[in-house]
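For reference, Swiss-Prot has these:
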BINDING   Lys11, Phe59, Arg87, Thr93, Arg104, Asn114  ATP binding site
ACT_SITE  His117  active site, pros-phosphohistidine intermediate
Amino acid sequence: MTIERTFSIIKPNAVAKNVIGAIIQRFESTGLTVVGAKMLQLTREQAEGFYAEHKGKPFFDSLVDFMISGPILVQVLEGEDAVRRNREIMGATNLANALAGTLRADYADSFTENAVHGSDSAESAAREIAYFFADGEVCTRIR
């Protein structure tokens, strides 16, 4: 197994529900470690830039509107197979397909308001981490 980093967002609906701690606890209880975190209020430009790959898709505008509707918590998670493990913890993007016990089954409100975002690959993780974190803002933790 490889130690890697992945990127995670706790989205506005989950922040509004005051479940940040519960979500972080799920990550940490499965061996992922938070090595970077920031609470942010995205601007429209930041949200559009982050989700640029979805520009032109039918859900793009509603996704951007949702992501700027309230604060978010962006974080870098580290651990063995962090990308895969985070995606398992989050559950399916579509709430209808999210298995019981996953973050989305527990906290999502809809397809768009699905509580969390996580990188889909190591390459995406590197790009997404760099979008929100400068050099020196992510720290390796002693285990």
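Our numbering is plain: 1 for the first residue shown, then up by one each step along the chain.
Quick reminder: no glycine exception, Cβ is built from N, Cα and C everywhere.
Overlay of Swiss-Prot annotations on the structure.
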| residue | record | Cβ neighbours (10 Å) |
| --- | --- | --- |
| Lys11 | ATP binding site | 24 |
| Phe59 | ATP binding site | 12 |
| Arg87 | ATP binding site | 18 |
| Thr93 | ATP binding site | 17 |
| Arg104 | ATP binding site | 22 |
| Asn114 | ATP binding site | 23 |
| His117 | active site, pros-phosphohistidine intermediate | 20 |
Looking only at Lys11, Phe59, Arg87, Thr93, Arg104, Asn114, the residues listed as binding ATP, what is the longest Cα to Cα distance in Å?
21
If H, G and I count as helix, E and B as strand, and all else as coil, what does DSSP give for Arg104 (ATP binding site)?
helix
Rounded to the nearest angstrom, how far is the Cα of His117 (active site, pros-phosphohistidine intermediate) from the Cα of Arg87 (ATP binding site)?
9
Taking only the Cα atoms, work out how far Arg104 (ATP binding site) lies from the residue listed as 'active site, pros-phosphohistidine intermediate', in Å, as a whole number.
10
Roughly how many angstrom lie between the C-alpha atoms of Lys11 (ATP binding site) and His117 (active site, pros-phosphohistidine intermediate)?
7
Rounded to an integer, what is the Cα-Cα distance in Å between Thr93 (ATP binding site) and the residue listed as 'active site, pros-phosphohistidine intermediate'?
9
